[in-house]
Amino acid sequence: MEQCASVEREVDKVLQKFLTYGQHCEQSLEELLHYVGQLRAELASAALQGTPLSATLSLVMSQCCRKIKDTVQKLASDHKDIHSSVSRVGKAIDRNFDSEICGVVSDAVWDSREKQQQILQMAIVEHLYQQGMLSVAEELCQESTLNVDLDFKQPFLELNRILEALHEQDLGPALEWAVSHRQRLLELNSSLEFKLHRLHFIRLLAGGPEKQLEALSYARHFQPFARLHQREIQVMMGSLVYLRLGLEKSPYCHLLDNSHWAEICETFTRDACSLLGLSVESPLSVSFASGCVALPVLMNIKAVIEQRQCTGVWSHKDELPIEIELGMKCWYHSVFACPILRQQTSDSNPPIKLICGHVISRDALNKLINGGKLKCPYCPMEQNPADGKRIIF
């Protein structure tokens, strides 16, 4: 982060110079235009009177031309000074960042150059769809000749259509979607449908006493949720007492908070993505953020490997030479480290559950076999290695 801060300081200096130059340039040109305007008025007045050009007016014209030339030269000189500041930004980037980072990962990670390009393009397209930039995604697909199935696009199109409606405070499409997927949402323990009905009820409350009967009638939608959301329903029913006095000045004024709309957008995005098999965050943005954390460490490791001439240490496609901590935010799957070999299990070396209940990796199991028998390293039970069962977390 120190490198980024160093570059940011240089960028701030350039932006400040641009701001100062812009203000100075605008002021100088306004003064010059005002001066030229006054001279033009004097010349027009002399021409109307039919008097010849006086020596004083000729001198003023010469001074005006000289002032215009000096001002233009001064502005051009100041502009050249900004060029040097801009070039310092480039030098700061070169000084603080390694320009060649492709060598950190071996080309063997990718099956082919074409495959690498296709994976990257697909990740960008998915990111654009997920961010709602549908037209940009379509344009990229056309220019890159990337063939994207309609089945792939459809969930993103539906998701963005409903989110756009929510941003415009239109609950109709979201309610329709939630009702049609009610059973699957219940399986996820989702409260999305209740929150949508609650927000619609709050909108009716915001309409004042004129909407009281309509709000009472709409309250019937809360019946299926009475067991799980009894307290929240009681609060909304209690707010009806203050409807004629003004809800915004009552103990229930928090119901009118605009933060409910941001909350419902987040809830819908999370539950809809879970239901449609999509990630809430764009895989591209997550990968980019993880890469920013991991890249400095990997570059240091690469330098050490090259310095000690032990390039064979890092030759696997599916693992890194060291463990890199990305934080809890990037924990998506449970992992198991073999207590015998101190290694994280993988598809080629899965965790195996022994008859006694202890779990070790397959590689550890194979190394512990002696005479066709296996003795658990944690308890004295002897067993047949074939009785071990692979487990999936």
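Just so it is clear, glycine is given a Cβ too, placed from its N, Cα and C backbone atoms.
What TrEMBL says about a protein is an automatic prediction, not a curated fact.
The range from 44-85, 338-379 that TrEMBL describes as zinc finger is residues 338-379. On the 0 to 100 pLDDT scale, the domain 'CTLH' (155-212) averages 87 in this prediction. Across the domain 'CTLH' (155-212), DSSP assigns 47 helix, 0 strand, 11 coil.
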